[in-house]
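> To start, I am sharing the structure in question, which I have written as structure tokens.
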Amino acid sequence: MDRKWNLMSFAVVLGLSEVAILILFGIFVDYGWDGTPVSLRGQFLHDSHGNPNYRGPGTSAQELSQSRVSIPDSYSMFQDVHVMIFIGFGFLMTFMRRYGYGGVGFNFILASLVTQWSILMRGFFEMPENHYRIRLDMNKIIAAEFSAGTILISLGVVLGKLSPVQYVIMVVVETVLAMVNEYIVLYLYGAVDVGGTITIHLFGAYFGLALARTIHRREWSTDMFNDLKYGTHYNDLFSMCGTVFLFMFWPSFNAALAVGDSRYRAIFNTYLAISSSVIGGFVTCWIVKNGKFTMDIVQNGTLSGGVIVGSVCTLYLYPWGSILCGLMAGVISSLGFHYVTVSHNIN
């Protein structure tokens, strides 16, 4: 009986989680301005903060027919981020030997769960007084993808160390904590973090490290277990494909929620920074590995440029400043990965 329950528990927990989300969506979530038929838009308008406020009759037909978010602009950005989350991160998780299917599969499952759960959690934090509805729009969908990125960064730290049920529990709890962190950073402290360097990458990394330290077992430090961390030629190849996908779409990731001319700066700065971090990562890897390229160092160094400019990508950095930031990030990240793994006898 216990064995059967252990096999079925994942399906039960995941299914019940989805049912709970379904019920909460039915109670709290509705279409936003753009998803509401024009004939019903007179019931609400959005104020300067994007909150729906009731307005009675009298709104002009022209105002009612206008969209708040341009589909050609927002949906293209959303699709780029979507590819990063499900293909980029998914194939990046195939670096472990004998865990390629698990890496892609759990990435697929957990990201799909988090995108729904985070819409609810973020909506609860942003819900205006006396209006208990979450209005769904493209920005909330993109923000949900960002939340999935936070969880997948943590997943990369504990990949292969948790049971399927524990993964579900992890993402449910972490999503709530990520929303609390986001509220503190963006609303209480007023930090600028368009690309999510603080709220996505930093939080996801430290949460994953804290969880890995908490669940650590002595046998995980043995040579036999560590050998499973490093994949075959095909693991490295698929993981590198994921890295390339992330590299290609990172400018959209940083610019997705930017508005006006700042969106252009976000694209330009990220493009230059992540391109220069590729050069810095490969050069550093060639030097520390005595004329060889190793995929683990390359994967860590080449993407660091997109991360480092995430918080400041909308600022006036100048093109040379973006290149300098990315180059330094590629070098420092590659050196850090190499010497940390050597000092801890991981390689």
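Start at 1 and count along the chain as shown; that gives each residue its number.
Each residue, glycine too, has its Cβ placed from N, Cα and C.
TrEMBL labels come from automatic prediction, so no person has curated them.
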> Examine the ranges 300-318, 319-337 and name the one recorded by TrEMBL as transmembrane segment.
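Feature transmembrane segment in TrEMBL: residues 300-318.
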> Out of 7-29, 99-121, 198-216, 237-260, 300-318, which stretch has the largest tally of CB pairs under 8 angstroms to the transmembrane segment (167-192)?
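So the stretch in question is 99-121.
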> Could you tell me the mean pLDDT over the domain 'Ammonium transporter AmtB-like' (74-341), as a whole number?
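90, rounded to a whole number.
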